[in-house]
């Protein structure tokens, strides 16, 4: 930029002197600057002029084409956003409950269906297996058909799977319950990637991380209830299979009724987006022509983003470890504390409820500080410490110690989930939130499958200690990968661009360097 252009933009007064005094009648300095002996140009500004309102900055300097129409952008928050968030969180809760309801009472379902522990483990693993091949069509559907269609599929399949489970009550009907679980696992594909999309599309920049954490919270609460209720509803009545089947049917029919009600609420409550966007970042995206979007190009861009690749692997390690611990918790506890199915469920509840508090606190912290990488790294390190402590206190013979260590582990490990989502959206903006979240979840499922199968085998052959040390080693690797992530908060930068540009234009240091 040349000096003349700078003078025109900054409203430089022709009657100013270098020391700020007036020079009325001085015709030699009417040009607003004077040449110095070294040939440089000295620019002087009237302080009163700087206090005047400047014209809007030239938005053509922004990174996105849609920002060139900034004068037409308008944002607004709607009360409906809370209803959308609540309904989504509740049917995500039910889906998570259906994922863990078998694993937490593995020994009871083994006895009822007369199958091995590996077969029951697969009722959990199938959630992860189904997600990996279906994530790409699911995220394509979210980008092309919108939030409402994706939410309806998730809630509808969730209810359908719950009703099929009602027909699986019978010792010889394990294949029916597996089929029902497959349906629920497909529903999960249309659920897990939505928290960041709902938060970005419906909530403002000061609440987006908290909203994402709340949406993830619903899924975590479902896992917590899945740890708590099945041991209560289906006690171990090994000598009475009919009573066991009756108790299982109560659990299945209750789940089906609730999931059907939530599907109906989804129909009436969830919409694609509000009439006006909630933030400048969303307003910029909505002004861009839809035909410019390419799902294939978006995927390619994400895989070319090195910080995002590092996040994919580190997120997969942490979340996969959580999936593995949740799936195998019953086997780990029962090995050292036989007959403690009820307390096993309570330990799982403690793990997840503590994580729910961690999620909300981390979300609020991120909304206030935007320190995504630092928060991610700290939570990762504390999760590793929690896992090490849990591993080496599991066999002490004191259940109170296990409750405490599980709570510490859950607070950080489960609290990490929404942080990873939001960090991913920040470093990949303006790519679709659904696509980045979907890929994060896909890697989490892949690592979850690998970790669950390997840790399960190690637990069966050598005991829980070996399986948990296996996870500790991987979490340590995740810390190293997280430390290598370059933090480039693109979405936050767009939301703050107007302020930053205004400050840059008024920075005297910038003026002193111009010639």
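Any Cβ shown, glycine's included, is placed from N, Cα and C.
According to TrEMBL, the feature region 'Disordered' maps to 1-40. If you look up TrEMBL, you'll see 82-102, 122-142, 149-166, 172-196, 208-230, 250-270, 307-325, 345-365, 377-394, 400-419, 439-459, 465-485 marked as transmembrane segment. The feature domain 'Major facilitator superfamily (MFS) profile' is assigned by TrEMBL to 84-490.
A Cβ distance under 8 Å defines the sequence-distant neighbours of the transmembrane segment (122-142), meaning residues of its chain 6+ beyond its ends; these are 99-100, 102-103, 109, 149-150, 153, 177-178, 181-182, 184-186, 188-190, 192-194, 197, 295, 299, 323, 326-327, 432, 434-435, 438-439, 441-442, 445-446, 448-449, 452-453. Between the transmembrane segment (465-485) and the transmembrane segment (307-325) there are 3 or more Cβ pairs closer than 8 Å, counting only residues 6 or more apart in sequence, so the two stretches are in contact. Within the chain carrying the transmembrane segment (149-166), a Cβ under 8 angstroms from the stretch's Cβ atoms is held by residues 88, 91-92, 94-95, 98, 138, 141-142, 176-177, 179-184, 186-191, 194, 249, 252-253, 255-256, 259-260, 262-263, 266-267, 270, 434, all 6 or more beyond its ends.
Remote same-chain residues near the transmembrane segment (307-325) are listed as 124, 128, 351, 380, 383, 387, 409, 413-414, 416-417, 420, 423-424, 427-428, 436, 439-441, 443-452, 455-456, 471, 474-475, 477-478, 481-482, 484-488 (criterion: CB distance under 8 Å, separation of at least six residues from the stretch ends).
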